[in-house]
Amino acid sequence: MATNYIFVTGGVVSSLGKGIAAASLASILEARGLNVTIMKLDPYINVDPGTMSPTQHGEVFVTQDGAETDLDLGHYERFIRSKMSKANNFTSGKIYSEVLRKERRGDYLGATIQVIPHITNEIKERVIEGGKGRDVVIVEVGGTVGDIESLPFLEALRQLAVDVGREKTLFMHLTLVPYIPTAGEVKTKPTQHSVKELLSIGIQPDVLICRSDRAIPSNERKKIALFCNVPERAVISLKDVDSIYRIPELLKSQGLDTFVCDRFRLDCPEADLSEWEQVLYRQANPTGEVTIGMVGKYVELPDAYKSVNEALKHAGLTNRLTVNIKYIDSQDIETKGVELLHGLDAILVPGGFGYRGVEGKIRTAQYARENKIPYLGICLGMQIALIEYARNVAGLTQANSSEFDKDCPQPVVGLITEWQDESGNVETRSDESDLGGTMRLGAQQCHLIEGTKAREVYGAETIVERHRHRYEVNNTLLPQIEAAGLKVSGLSADRKLVEIIEIPNHPWFIAAQFHPEFTSTPRDGHPLFAGFVKAAKDYQDSHKA
């Protein structure tokens, strides 16, 4: 079967939820038995989001093969079974870098390099390559129609529609239909102007997804269809909902998947969304609730921890609990004290970089350890737990990470200078290495030690989890820390790197160097988060007055 392409654009304003809409449509098509993947094209000049500020861009989502990508790829993986890869996300920076590399190499035989055709051809090649072997590829273009940055991408997709044939392509445009309280009605003019903007660059949308805080009335949908040159059945009302996992059914109920299949002449069975119905049932019928404190450095923007937030909610679904997340700035722990941690059922310290707020995180780990509160540390959250234990239990009072103090006399955490990737290839790094794209990234095998809490939680001897770090436990000082009671419960495949630590005489204190949040989904959850949330409920029950 030839590959079919759905191109998703956004208009009027940003943050309308193109990624959620694209992922929801993909989940319906997948439920109809189609082989679907989703790509994200980002117009910014950064090569990838790996070195971008989390408070500006949100989290960096890491794929199985180690790509540092946009957080929308996390949405994609949470909605469909297909895993993302390096081919599923690329930026203007990556495209321009590749074109310039080819020019320096002489690939263009002395031609004058221009946006058209060289940049647009590179974009088209990557879209086609990323969609090979798929029935449907959904391609989301970041930004808003009218932005100068996205013009090369839109032009490339316009050309691609001509190249592969309009019968194999569909343009889906998300737009805002605002409700004006003083007028008591929704207004379609912004949508009309957004479509006009698309038409000016040669793109006629085939489907309009109309975002609003309420359902769009039938007469307004007819008006949009008339003025925007689309069939009325292709004007989809997408109102605000209490759960993003309700959107697949909302789109299906309006026949979007049927419209797509008719357009591409795909003969496939009706979508079975019973798994999503189960997710929504568990979400709507909890048997209790827990409050988990997330102590981080980027809490002013919750999207900086998007996958962690979602993984906690998924664990709530697994345990039939509502998970309330209390965000606490680790710097506030330094200035206001651990009183901010009172009343929590569990504590989670997520990943991060740099020294700011680290001492607050260390005090948080100490508070959780001493008060027997369930603790989950992720990446930096593991490293600070190790530092705390080394200082306050193992007698290494000057323990620190060389990331925070290069002259530290007791560096219990240091730069990884050499490791093996999943394929057995040796990677090396030094202090002089670039920051971008040089970390230990992607899926790595982890061996779990028998008799440990981690082994019990996972129920397996070997697991595969995704990493994103350049510092690790210093094995030279590890024996002294282990002698004081800390347990290493997970090691890398070559047994050289510490992956998980835990405290045996604590009800639930586990910290991992990897990022388990990247593989959690609403339908399946994740064993580590599920165990953590269950421990939070057990702690709550044992401390009831």
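Cβ from N, Cα, C; glycine included.
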Which residue of D65, D70, D72, D206 does Swiss-Prot report at the same ATP site as S15, L16, G17, K18, G19, I20, K239, D240, V241?
D72
L380, G381, M382, Q383, E403, R470 bind L-glutamine in Swiss-Prot, but which of G352, G357, G442 does that record place at the same site?
G352
From K94, K102, K222, K223, the one annotated by Swiss-Prot with S14, D147, I148, E149, K187, T188, K189, P190, T191, Q192 for CTP:
K223
Name the residue among the recorded positions K187, K189, K223, R470, H515 whose Cβ has the smallest number of other Cβ atoms within 10 Å.
K189
Once the DSSP letters are reduced so that anything not helix or strand counts as coil, what is K223 (UTP binding site)?
helix
Conformational class of E140 (Mg(2+) binding site) under the three-state DSSP mapping:
strand
Have a look at the recorded positions (D72, E140, D240, E403, E517) and report the one with the fewest Cβ neighbours inside 10 Å.
D240
Among G17, P190 [binding-site residues], residue with fewest other Cβ within 10 Å:
P190
